[in-house]
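Trainee: Questions regarding the structure given below will be posed in turn.
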Amino acid sequence: MDPDWLQPDNLAAARRAQEAMAASVETEDRLGPVRRLGGADVSTTRFDPERRVWAAIATLDAATLLPLAEAGEAGIARFPYVPGFLGFREVPALVAAWSRLPEKPDLVMVDGHGIAHPRRLGVATHLGLVLDLPTIGVAKSLLVGEVPDLPDIAGAEAPILWRGAVIGVALRLRPRANPVYVSTGHRISLATALAWVKRTATGHRLPAPTRAAHAAAGRLRRGEG
DNA sequence: GCGACAG
DNA sequence: ATCTTGTCGC
């Protein structure tokens, strides 16, 4: 694997790496039976000059949504936060957390975009490519694209349009809460991704896997658990 | 040049 | 992303 996929020296190299990776992204289903679901998220401290990051991956039983295991990694990001380049900041720590999981999830939902990204390389796609794993992007706000206003009911959805193409779906999982933005990460179709997000909705704004990962990353950062 | 800009 | 208590509503 090209080292620039994880640690580019600068923004120009990072952009080249994304363009190279984009050729390998798979937007059709290529996944086996999903018995374990994963959620991935990274917590940080605002304006931290040390660039500390706390990455967590939570594993849930796909049938019951009950927690199975968690793994975390506390590290230093080699990349600053730059919109459009989140993967270079978060993926290395997530890979470290992943390696620590005894039983790997069959599908992982990542906090952030998949191909709903200027170069189709959001953090969810990035992680999927590096680990050769089916991933779904579940973001809380748009990076690119536009969606019409959604009715204020659970289940309301609308395509995310960008440059004349559907790059994802906006989906409201809870009334009076902002929608989540779902897109293909890697090795999964938008339809299948959407079905999994709906299936893991538990009455909150975020689906269960992402929610569990967010909680785990927060606990890790605060030194709990 | 100006505005937008996941986490 | 995070700073932060109580408060309103299901």
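Easy rule for this one: first residue shown is 1, then count along the chain.
Using the three backbone atoms N, Cα and C, a Cβ is placed for every residue, glycine included.
Pulled these from TrEMBL:
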type    : residues      : note
BINDING : A:D41, A:D111 : Mg(2+) binding site
SITE    : A:Y81         : site 'Interaction with target DNA'
Trainee: Under a three-state reduction of DSSP output, how is A:D111 (Mg(2+) binding site) classified: helix, strand, or coil?
Mentor: strand
Trainee: Rounded to the nearest angstrom, how far is the Cα of A:D41 (Mg(2+) binding site) from the Cα of A:Y81 (site 'Interaction with target DNA')?
Mentor: 15
Trainee: Report, as a single number, how many Cβ atoms besides its own are within 10 Å of the Cβ of A:Y81 (site 'Interaction with target DNA').
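Mentor: By my count, 12.
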Trainee: Any same-chain residues 6+ apart from A:D41 (Mg(2+) binding site) with CB under 8 Å of its CB? Would you list them in sequence order, or say none?
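Mentor: In sequence order, A:A55, A:A56, A:V110, A:D111, A:T210, A:A213, A:H214, A:A216, A:A217 meet the Cβ cut-off.
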Trainee: Name the secondary structure element type, per DSSP in three states, that contains A:Y81 (site 'Interaction with target DNA').
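Mentor: Once the DSSP labels are grouped into three classes, A:Y81 (site 'Interaction with target DNA') ends up as coil.
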Trainee: Under a three-state reduction of DSSP output, how is A:D41 (Mg(2+) binding site) classified: helix, strand, or coil?
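Mentor: Where A:D41 (Mg(2+) binding site) sits, the three-state DSSP reduction gives strand.
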